[in-house]
Amino acid sequence: MAHFDDDDFATVETGASLSEPKQCSALRTNGFVCIKNRPCQITSMSVSKTGKHGAAKVHLVGVDIFTGKKFEEQNSSTATMMVPSITRKEYQLLDIRDDFLSLMADDLTVRENIKVPDGDVGNELREKWENKNDDDMIYVSVVSAMGEEHALRFRVCQP
């Protein structure tokens, strides 16, 4: 899975588009781009020099931020690619029921439509939830991009 820092994500208002165009030459490693219609974090990028067949080529390797699957794409440096609008919001975990998380936002609204993450993160979250102390609070980070939302990580706060 991709590594995220808190400052990796821009705040996007309601009604904002799912992605925006950006020239290939302006993309950077650790940035985000849509490859094969999937939101990816760029893990490596190389530029070939301009030759007799036109503009320089940009070779991108990215990892899907939700699945961890690797994608590659090559384009002209002057081509336009779509960059996903990505948001991250943190919720307090209230319960885990039938593979879904019960989450409370800062404004006290509750949502129950986010699935428990697959793999190690989901297993560790279930274990922490089952073995937590009464005073412990678990916060879950939900990342949204390209019309999808997934819980990608969590943290435990102890008083």
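Keep in mind that glycine also has a Cβ here, set from the backbone N, Cα and C atoms.
TrEMBL does not curate its annotations; it predicts them automatically.
Taken verbatim from TrEMBL:
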DOMAIN    85-155  domain 'Translation initiation factor 5A C-terminal'
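Taking DSSP states H, G and I as helix and E and B as strand, the domain 'Translation initiation factor 5A C-terminal' (85-155) has 12 helix, 39 strand, 20 coil. Taking the domain 'Translation initiation factor 5A C-terminal' (85-155) as a whole, pLDDT averages 95 in the prediction.
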